[in-house]
Ligand SMILES: Cc1ncc(C[n+]2csc(CCOP(=O)(O)OP(=O)(O)O)c2C)c(N)n1
Ligand SMILES: CC(=O)[C@@H](O)[C@H](O)COP(=O)(O)O
Ligand SMILES: [Mg+2]
């Protein structure tokens, strides 16, 4: 089994292998990738597409000394298999196992933990600059970036800087025509034109040889001829966008031909200054169903291959918050032509393909360009439209300044639907939506909400679209429950009291409401009568109800699936302080001030007491503590 791969303990073990053996190694790596996705959801098509590139890179450079960064990092699996992690690879994306992204704690061959797209050229330029300043100019600097990540604004900031510095830097564009969905925008169209370049078909090199032998004359015609020559080369070269920024553009070349890759990598290794090598690959290459449908196979559900038929191991089940949000967005877009929706290359993750198809003129996929997305939405809002910016909580962090300046400061009615707000489990710390409560409630004019259950998603979106202010609605990566109750209508800054209790109160902001309701029922078995408040708003917070609960209850437990630092619980403490109410009997449950590793979502939630039992246990402890404070030993007897 994996005769060659199983013996690769480091890239140095590649040195003696022939191209044929390297091709066999590629097959063995693909076999490992196919075995992995039979067991769990993981990044599949992207990794299939960079097998040969990974092998050729590690065969050509010595990254124990040279520098290598894979942009975004979701396509890191072949790199991990080639850098001594074959034996433990089966643990990837599981608690305590390998991360599904680069991780310096696992290997010196991983330089940065990444998961957000676009930063690789910048960090590599920084590494280049640092190595140069410390007398290590011999270390090569290589950043591999996908065509989906490439339009991110930060990439052009880095290209601009690298060109200006004339830095010895190799940027490898991994062009597979795909982001998660098909790539979009002018850069995508440009890449399509480059892919048609004769170089890729081998014709260009002959023409370039001829041009380079055209004699230069010493008279005014020389300048014209030289310009014509440059124009023809540029036309052939393609790559003018990069050449004008100071990069030598090479390509496009076949990214699945190991021999060809090695040849060009050896060539560009010696080229001075910034170089961009354009590599053409196929997302899903080597596994036909993935090549045929790279969108589905970006992160497919665990599946088995039944003689070429893909059979997901489980499907269906309760609807996720994402589904309710998508349906609510579609419903609002049907109700009003003023409602638009924007995504930053996450149409598939937000399940908005049906919305894209139903509203082709009011659906905007701007690519991995979150900062631009928010400013774009602000422009739409300025014209009277009601844009919904549907971006994952963690990726929306890219847009902090545009949320501040273009939206909040202008007080424009942009609605932010922040998916994956909370723990995202297998993706780990780069993808947890931990900070959106804190960063959104900072801004004047911003309304910050979190649905407590499935129904409130649609109620909050409809409410948000009626407000003449910006608003944010956050929900986690999980199935949505319904909490049966007599619902009170949405009212700005008003919480919903589900029950009252003489022994304490739980104030829940967001999707743990059903857990909190079950905890209330559990606590009755302990003889504790604890009330439950559905906060609904973190901003404006319902001071009357929530500070009132703190004032009149023996204890209050606040619950949020967000960072405790600056989160909803902090807002409660601030409100109590402002009202002069003693908040010493408030216990806050949420994400502690640390980065939470990847792992099973329910396990991670249990570790921070954001489960039915965790909330109940916290209430028991608070009841004991507060009854002891007031001389009633009945609760402490059993502790
Ligand atoms: C800032 C940011 N926004 C969105 C994402 C979600 N995302 C992960 S991979 C991906 C597509 C990347 O496309 P590309 O760079 O071409 O890589 P490929 O999967 O094609 O190899 C996206 C949008 C992200 N990781 N980071
Ligand atoms: C690499 C990346 O950022 C995306 O592929 C992300 O992992 C998708 O997350 P979901 O699977 O939660 O949509
Ligand atoms: Mg791509």
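Any Cβ shown, glycine's included, is placed from N, Cα and C.
TrEMBL has this to say about the protein:
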type    : residues                                   : note
BINDING : 74, 115, 116, 117, 148, 149, 176, 287, 370 : thiamine diphosphate binding site
BINDING : 147, 176                                   : Mg(2+) binding site
DOMAIN  : 319-483                                    : domain 'Transketolase-like pyrimidine-binding'
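When Cβ neighbours within 10 Å are tallied across all protein chains shown, the highest count among the binding-site residues 74, 116 belongs to 74. Summed and averaged per residue, pLDDT over the domain 'Transketolase-like pyrimidine-binding' (319-483) gives 98. Largest Cα-to-Cα span within the thiamine diphosphate-binding set 74, 115, 116, 117, 148, 149, 176, 287, 370: 32 Å.
Take the binding-site residues 147, 370: by the count of other Cβ atoms within 10 Å of each Cβ, the lowest one is 147.
Neighbour density for residue 148 (thiamine diphosphate binding site): within 10 A of its CB lie 29 other CB atoms from the protein chains shown.
Proximity of the binding-site residues 74, 116, 147 to ligand 3, judged by a Cβ distance under 6 angstroms to any of its atoms, singles out 147 in sequence order. A 10 Å cutoff on Cβ-Cβ distances gives residue 176 (thiamine diphosphate binding site) a total of 26 other Cβ atoms nearby, all chains included. Proximity to ligand 2 (Cβ under 6 Å from any of its atoms) holds for these binding-site residues out of 74, 116, 147, 176: 74. Rounded to a whole number, the distance between the Cα atoms of residue 147 (Mg(2+) binding site) and residue 370 (thiamine diphosphate binding site) is 16 Å.
Of all the binding-site residues in the record (74, 116, 176), the one with the smallest CA separation from residue 147 (Mg(2+) binding site) is 176.
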